[in-house]
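Novice: Pasting the feature list from TrEMBL:
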| type | residues | note |
| --- | --- | --- |
| ACT_SITE | B:ASP137 | active site, proton acceptor |
| BINDING | B:ILE21, B:GLY22, B:GLU23, B:GLY24, B:THR25, B:TYR26, B:ALA27, B:VAL28, B:VAL29, B:LYS44, B:LYS45 | ATP binding site |
| COMPBIAS | B:346-364 | compositional bias 'Basic and acidic residues' |
| DOMAIN | B:15-295 | domain 'Protein kinase' |
| REGION | B:306-364 | region 'Disordered' |
Amino acid sequence: MSTALYPLASLAQIRNTPSRADGIPEDLELDLRAYGCKLIHEAGVLLRQKQVAVATAQILFQRFWYVTSMKQFGIGDVGMGALYLASKLEECPIRMRDLINVYDLLLQRAAHKLKHPPAPAASTSTTLTRTVTHDFKYVPMSYFGSTFYDLKDALVVAEMQILKRLGFNVNVVLPYGTLVNYLRLLGLTEREDVSSRAWGYLNDALQTPVYALYAVPTIVSAAILLATRHLGIALPSSPESCWWELFDADWEDVWSVAGYIMRLYRERSPQDQARVLGLVSKKAVRAWLDDHQPIAPRS
Amino acid sequence: MDAVERANLERQRRWTKDQKIGEGTYAVVYRGRELATGRKVAIKKIKVGQFKDGLDMSAIREVKFLRELKHQNVIELLDVFSSKKNLNLVLEFLDTDLELVIKDRSLVFLPADIKSWMAMTFRGLEFCHRNFILHRDLKPNNLLIASDGQLKIADFGLARDFADPGYKMTCQVITRWYRPAELLWGCRYYSTAVDIWSVGCIFAELMLRTPYLPGETDMDQLKTIFRALGTPTEEDWPGHTKLPDYVPVGQFPKTPLRDLFTAASADCLNLLSKCLIYDPKRRISAKDALNHPYFFALPYPSHPSKLPKPAKKESGIPLEEVDGNTDMSGPGPGVKANPPNKLKRKNSDDLGGRPVARRLDFTK
């Protein structure tokens, strides 16, 4: 058995992801990755799916974009396929019909949000009336329509493509057990706020590519770093006795993972927030690329 | 076509399908070859039903586990590729399986042969269990035999990992005749012991040459088990009456295994009885089984190449093999001290010239 239990992206794949090679700018790719993972997460919650399956799906999803361009596959379809596949891998399969219905709802809601963006919070009285008139109402798929069958086809294709493009390496190692061990080792188990906060960072990190880039110990160290710093807990951090060295993590890597996670919380403009809502399908991404042609060829 | 498609096509081109050799519920199996070397392989083409639930769970499990497992006694997954809408698993080609061997009435099994098959089964299973994988469908039909006699555990379609101890699992696994009582009574939390029970049944079947516990329904299966081994008491198996689907199925007395297995050695029956202990917690583990005195007692396990095999076209070969076995497993003390020269020569390759020539290295 090889020592590496899970595959990580190669340097070449990281430097120039397939999406970037197709002219999709880095920040847009990261936003789309994050949004795709949020959809997986929301679907998981609505389906009452286990977190192990949801996390596995998000990691497969992140890996997928190191071998495939978003011009070729949409984040909606691939996210749906990843959740379906991960549910089978983690022995808690879900029904196709349920998954498709949930994704249809999520996509309708995204389309609704795009059409009726929430008004800025400043004007109070007017927003109230406006939100009331544009309340989202889900319209179930029509019985005779093709929506269901289209989504189903896309789902079957996505599932197979994920398997195929990841070279059938579907091994995922989740970070939670490692976190518990590390906290124990650092004597932090008494502090419930540390563990729940670090746990939260690990979950949020699923929206970033870090699980496809760094080993689990590094990611867990970053989550502990963020949690302890935010709570003002001092750990041995001067050379010769740095706590992360216990876990074979390099400071630069830990810092980089922490950066990926913190970037998620930065203030975003309404335009940036709206941009991803409209780019869930590959069709939309292609149209976006056509519109932004002048900028693209530079890469 | 991007890099992924190209890589897939390249892999696909390495193999050719020759002839359909079997069809299962979710796959068609072909005999094939590696083009560059002519090596025989089995290609399992997974049917992807467009109108069903995407990829079959069994196929996914098989890919997931066989990608990781590499061991002499576990079937090797050589490659995976997809063609149009299908998934293809390239597996090593194995001539026959233990069920066919057992059924072939023309073959004579010696105690040393049975010991050899058991050792290989336990070695493969110990490797799976060490890697936290339950097989959940062990039966003679899933123990394949390579042309060199090596036994390999195959069909991981029901396998699953058990890293999480408190995880509920389905009890609808394992072919009925090889299913332990705890599963028949609906136990949802179980572990490696379920596989050991199956191995115990296979062990008995090798000696009897007929299935040991052939129940006709799940209920009848329990009855069959108890008729053979006695109804468990609270002392044998604390708490078994609290299992979800527990039903009393009548009282049967315990009969000594010796009554049925008249020719078996004491060591042999001791190991068999430890595989068939009702309480899963007390049932022997694969690792302990490998260290059981049975495997170190005479006669030593037959060399895989010497094991009986069903006759194919060349009927001369199996006969010769049987002869070879007779030589080396004869009970007389002379054989132990001084095995025939012919055998010594043939086995020296595998055993690396160590003085204890016939002791198997179980930890490999």
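A Cβ is built for glycine as well, from the same backbone N, Cα and C atoms used for every other residue.
Just tell me what is around each of these and how deep it sits.
Specialist: For B:ASP137 (active site, proton acceptor), the number of other Cβ atoms no farther than 10 Å from its own Cβ, over all displayed protein chains, is 22. Look at B:ASP137 (active site, proton acceptor): DSSP puts it in coil.
Listed in sequence order, B:LYS20, B:ILE21, B:GLY22, B:GLU23, B:ALA42, B:ILE43, B:LYS44, B:LYS45 are the same-chain residues at least 6 apart in sequence whose CB falls under 8 Å from the CB of B:VAL29 (ATP binding site).
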Novice: Along the domain 'Protein kinase' (B:15-295), what average pLDDT does this model show?
Specialist: 90
Novice: I'd like the Cβ neighbour count for B:ILE21 (ATP binding site), meaning other Cβ atoms within 10 Å of its Cβ, all protein chains included.
Specialist: 13
Novice: If you measure B:ASP137 (active site, proton acceptor) to B:ALA27 (ATP binding site) at Cα, how many Å is it?
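Specialist: Each residue's Cα considered, B:ASP137 (active site, proton acceptor) and B:ALA27 (ATP binding site) end up 17 Å apart.
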Novice: Test of understanding: give the count of other CB atoms lying within 10 angstroms of the CB of B:GLU23 (ATP binding site).
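Specialist: Excluding its own Cβ, B:GLU23 (ATP binding site) sees 11 Cβ atoms within 10 Å.
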Novice: Taking the Cβ of B:ALA27 (ATP binding site) as the centre, count every other Cβ atom within 10 Å, in any protein chain shown.
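Specialist: Step by step: centre on the Cβ of B:ALA27 (ATP binding site), count other Cβ atoms within 10 Å, giving 22.
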